[in-house]
Amino acid sequence: MPAVTGSARSEDARLPLERLVAHPGRQLSCYVHVPFCATRCGYCDFNTYTASQLPGMQVGEYVAAALTEIELARQTLGAGAPALSTVFFGGGTPTMASDQQLAVVLAALRERFGLAPGAEVSLEANPETLDESRLEALLAAGFTRLSLGMQSADEQVLATLDRHHTPGRALQVARWAHAAGFTDVSLDLIYGTPGESMASWQASLEAAVSVDPEHVSAYSLIVEPGTAMARKVRRGELPAPDDDDQADKYLLAERLLDAAGLGNYEISNWARPGHEARHNLAYWHSDDWWGIGPGAHSHLDGVRWWNVKHPMRYATMLSRRRLPVEGHELLDAATRHEERVLLELRLRDGLPLAELDETERARMSPQLDRGLVVEHDGRFRLTVAGRLLADAVTRDVLG
Amino acid sequence: MSAAPGATDPATIRNFSIIAHIDHGKSTLADRMLQLTGVVNAREMRAQYLDKMDIERERGITIKSQAVRMPWTHDGRGYVLNMIDTPGHVDFTYEVSRSLEACEGAVLLVDAAQGIEAQTLANLYLALDADLTIIPVLNKIDLPSAQPEKFAAEIASIIGCQPADVLQVSAKTGAGVPELLDAVVAQVPAPTGDAQAPARALIFDSVYDIYRGVVTYVRVVDGELSTRDRIRMMSTGAAHEVLEMGVHSPEPVVCAGLGVGEVGYLITGVKDVRQSRVGDTVTLATRPSAQPLAGYKQPKPMVFAGVYPIDSVDFPQLREALEKLQLNDAALVYEPETSGALGFGFRIGFLGLLHMEIVQERLEREFGLDLISTAPSVNYRVVMEDGSQHRVTNPSEFPEGKIDTVFEPVVRTNILCPAEFIGAVMELCQGRRGEQLGLDYLSEDRVEMRYRLPLGEIVFDFFDALKSRTKGYASLDYEEDGEQPSDMVKVDILLNGEPVDAFSAIVHREKAFGYGSEMASRLRKLIPRQQFEVPIQAAIGARIIARETIRAVRKDVLAKCYGGDISRKRKLLEKQKQGKKRMKMVGRVEVPQEAFVAALTTSEGAEKS
């Protein structure tokens, strides 16, 4: 047992620091949450803040706090921590931080942990925050992959989503990114927004594939409770998204993206072969990752914890050199099994037969009969119809 | 007081009831009488003193009657007034008739702002049938909206007296109440009976008390009853020893015995009101009377419903609650019943709709149970082609095979309402297969309408429909009127081909489609989409008469599931799994219990209209 370093004390006394030991045999990833946005979008319930919501807090203070957390993380994990296989800067809008600030955080990760050979380093970005010169600077800083929030090519839909970029901007940035030398560009799309027609969704998909992205994520819009959009739906100002409409749009996405050479490898993700998002695959394979930043979640071999959500509190705790932990859970064998089933069934590669006990396998057989699941190479895999009903299949199998 | 209980000269006794509609001020008038006669002083007075149960006080109605002995001096002579309270509602006609049977007179109390109501009229007819002396009284004459002339004329025309004979009181202020008490003494005949004959006493009420067991209220007709006597119930032959006798004044006052014409209570230690039935005759075991008093009837349930706990773990509590209620309610009958949709519950028989409502409310309120009831049904007689007969009080008992005739119970109803609503009431009654028997003007703008209606048509929401069509002005009374052959069919509701027992109903053939399509469309809205298409069908036997379809769910997946979503996603899954365990399975279809509850409680009465 390595000793717990004196400087890394958790606010949450129950977090079992002694279990936070990186295992040399396991891969390690890092998520960096950047909690800033220029404006709030009505549908978004992420942990992010505009300048006016954080009076007196500069991005610089956040960066300083994040650097401290990186340092404490490294101390906590001890000498055996492997180099990082993947890094993902998400938000919020990570590009609200300057290229230099982003570079400093990435450099700190490289310095403290090291990056494994061929590591994937992703950056989430809103199209309006990027131009050609920033793209070059980010590439130089070591980012290897860009995930661009395109959402839609329809001006009306973007307005409903409170997105302020022009419909062509994301496509332009994708072209610039390729030109600058990025070989992994992903476009994020949202479908089923109130008012979006099938033709509009088709146009968005066609626009996205026209710039040859290596990767596309397409999410059905979820009206999250507590958001401005949820209030509008409740007041009847916006119609609620319709499941049947979203199902039709999902099938259209599958058809057009597949035809464009982007294969589905997770329910909402499509990629050219070899361009799957390895960072996200780490989540879905229950690998280990440390989440840096306010509200970020971490997982290490059955211990999951999450940071305090508010950036000021986050910074304050780290200024006292405390891990800014809000809470944690210890996953027992049954829970880890449940998570494996619910996560791995979502993947193209599916769930190994051996993960299921006899009862569960018996419950799988009606799903096979109904054509929601196929058995292939010792794994259960969802069919396209099964992907649309993944949660139901999971519930039925877990019983 | 001139006489102690047990030794009162019958010539000084006046036994009377007050006949009144809900809210016409009967309890307030009783309160004033208690004060004026000095049996309750102002300090002890609480509003509606005699209405013991909370439900009664809240709803302003009296379910259980009680008798109060009050002294009153008139023309220098002392009298004993026994005021016998009557239940004031439609389902308790029999109890009312027994209470009236114990009296020689009745105060007909009518709200001077509203006029006589159907209930009151029905009870008035009962009083006239029992040859009671009627003292007509208008109450609430202090109200600005009172119309004493108009309603005095109305009452006079109904009972055949002069408008000037109608007394005017304000129970609230006490004005006119002493004159009313004088009128009771002057006009109500003294009881007559043979003091030497074998004892006979009429049970007009019987109440369970957790400390004392059953308290039986009696009116002695002949002879005498005393403490320590061995008495016999003439309907059953059961004998008990009288442990205590007394009168209420209004608190209990123990006495040695009761003589001719007296009214009081007796306690024998029995624990169940069914052993001391209203209408039965009490006699002495040692010297029994040969002839019971006329008019005893066993209570007969008219309306039946399945009652289930919403949470199935409450079933034992429901059984216990029914056992306790039965101690105090001789008319309550029940037996266990199992429903595929609702689980374990009871089939309960009620005297009528109000009785059903009261029992359900007491079960929920006094015993803290959450209950769901099936649509009420009535008692059908089904005659098969082979001549065999079936009694059907539950749609599940409706026989298959060749049915010759179905007989349904019918009732004779009196509806009183302002004349402007005649059309609305006629339309409602015709829609319920009613046959008009007559229409009379009580005054220039109020009418009495008489209809013969199938009981099955009024057990479900008829009151509500009547009230809403007449802006709340109509009142209703009904009495049994035999049975009639009708083209009744059983409509089943099938979910994915499986019948859902809780929704089967016996309806008239002409209404089968309306019922079936209404239930099917209601269920379609309430049952969540499944992973496969689910037909909802209404059927008469094998013939489908209506159909709706719940389309298969096409999307059941959350799009996003990243690092920060996993715990939340897993907790959601666990919650959904818990929810799934609470689902009732109808074949392969998962139905949330709430859907059944909502389908049964939706207030729209579309099935019947």
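Even glycines carry a Cβ here, placed using N, Cα and C.
A TrEMBL annotation is a machine prediction, not a hand-curated record.
Here's what TrEMBL has on this protein:
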type	residues	note
DOMAIN	B:11-192	domain 'Tr-type G'
BINDING	B:Asp23, B:His24, B:Gly25, B:Lys26, B:Ser27, B:Thr28, B:Asn139, B:Lys140, B:Ile141, B:Asp142	GTP binding site
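Feature map: annotations from TrEMBL on the structure.
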| residue | record | CB count, 10 Å |
| --- | --- | --- |
| B:Asp23 | GTP binding site | 16 |
| B:Gly25 | GTP binding site | 25 |
| B:Ser27 | GTP binding site | 24 |
| B:Asn139 | GTP binding site | 30 |
| B:Ile141 | GTP binding site | 22 |
Please state how far apart, in Å and to a whole number, the two most distant Cα atoms are among B:Asp23, B:His24, B:Gly25, B:Lys26, B:Ser27, B:Thr28, B:Asn139, B:Lys140, B:Ile141, B:Asp142, the recorded GTP-binding residues. 17
